[in-house]
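Notes to accompany the following structure.
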């Protein structure tokens, strides 16, 4: 079990706000994050395939 001081330190607000990481809002994945949509590439692909993201469709050229 952690010391009470270590628990308080972990729960304290961060000293530097820049250290925050972007994570997917659906699954919490830290990599492959698409800032415009706020989700990772895998969740984006699934939602786009089901047509749940308005304005997104499969590209063809």
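From the backbone N, Cα and C atoms, a Cβ is placed for every residue, glycine too.
Look at Swiss-Prot and you will find 24, 27, 40, 43 tagged as Zn(2+) binding site, backed by sequence analysis.
Other residues of the chain with a Cβ within 8 Å of the Cβ centroid of 24, 27, 40, 43, the Zn(2+) site, are 23, 25, 26, 28, 29, 32, 33, 39, 41, 42, 44. Around residue 24 (Zn(2+) binding site), the same-chain residues six or more apart in sequence whose CB sits under 8 Å from its CB are 30, 33, 38, 39, 40, 43, listed in sequence order.
Taking the Cβ of residue 27 (Zn(2+) binding site) as reference, residues of its chain lying under 8 Å away and at least six apart in sequence are, in sequence order, 40, 42, 43.
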